[in-house]
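*Asks:* Annotations for this protein, taken from TrEMBL, read as follows:
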type: TRANSMEM; residues: 75-94; note: transmembrane segment
type: DOMAIN; residues: 89-192; note: domain 'Gnk2-homologous'
type: DOMAIN; residues: 198-305; note: domain 'Gnk2-homologous'
type: COMPBIAS; residues: 312-333; note: compositional bias 'Pro residues'
type: REGION; residues: 312-341; note: region 'Disordered'
type: TRANSMEM; residues: 348-371; note: transmembrane segment
Amino acid sequence: MTTPMPNYSKMELWAKDRATCDCAETAKEKRARYAASTTIDEIDNLISQNEVSLENFEVEDDQSRATMKMGCLKLLLLLFFALIHLAIPSAAQYCYDTGNYTSNSTYRANLNTLLSSMHSNTEIDYGFYNFSAGESPNKVNAIVLCRGDVSTDVCRACINESSSTLLKSCPNQKEAIIWAEKCVLRYSHRSIFNMLDTDPLLGYYNIGDVPDVEAFNKVLRPLLNSLRNRTASGNSTHKFALQSAPVPNFETIYALLECTPDLSRLDCNNCLSQVQVFIPRCCNGKQGGRFVTPSCDIRYEIYSFYDPAAEPPPSPLPPPPLVPSAASPPPELPTTTQGKETNSSRTVIIVVVTATAFAVLIFSISICIYLRARNPTKKAE
């Protein structure tokens, strides 16, 4: 079973309404509808939707009633934090309206066969599956992308659970997709292979705010830019990258980006760029978020949510510059490595060559003087 993402309370859905910005009702809008009433039943309803906060309630002027109410609030908030992990869905699904099928149809039989074959497949060990089953008009195409840091067993377990969940959530739709925490599963009656698709775009964000938005973004933006380039540069089996980076006087940002490997480098980069542009529009200053499309997704947090062993080692820092000092003793001669000659090593080579040439010159002059001194003696004899 996948693990819920902690502290998430809102999901923005930008699908077909994205062009007109006619977004689905947000958590804030729902809270506004409930603001006029504070009955226990309505508060329980808000808790079950993970949308309760202190701003939903107002302390009445009467002191005794206010005291009783605050006591109730403390109890409700305690229950809220205890139930928050259970109230948040561990996956998001989207059911397309491009066509339907019946439960006893050929399409459903082909879909069941396809999902079962992907779950039981032992030949693919890199976490990307793109298979088809049946013939048109009942042909089913399916894609599964497991997160790049999970094992094969975890991947297959995620496929199995996501298949069951998606069939229940979208029982008659010919096209559907589910974004679980550790895998994405999608099927359709139309062609979906080797194609860039950024609709729908779903975004979750962490309800916590960062104390310094500017400092946070100065680390987040270049981190996502770097990971986007690394992800797009992947091969036909992996387009995936993750990395962490510390924020001064704050936490560390952990980020993970991925594309379906059947995309070209350009399409992967374009997909991630579209998602990245969306982030500040919905979630600027938030401590984390997950943003998904059928072809790519981005996630960042201030806590580690991936396998630390999958993170590449940090790049070595450049050596500090040498500051010459008249009072300091001469530095030791550095050793040189092939292909990496430093200025110091070139200076040493020049000094050695000059001294050697001078010694050879003195030796040659001495020989010439000696020979010229010998020749007159031989003639005298």
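Note that Cβ sites are derived from N, Cα and C of the backbone, with glycine treated the same way.
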*Asks:* Tell me the residue counts in helix, strand and coil for the domain 'Gnk2-homologous' (198-305), as DSSP assigns them.
*Replies:* 39 helix, 33 strand, 36 coil
*Asks:* Over the span of the domain 'Gnk2-homologous' (198-305), how high is the average pLDDT in this prediction?
*Replies:* 96
*Asks:* Helix, strand, coil: count each for the residues of the domain 'Gnk2-homologous' (89-192), based on DSSP.
*Replies:* 33 helix, 29 strand, 42 coil
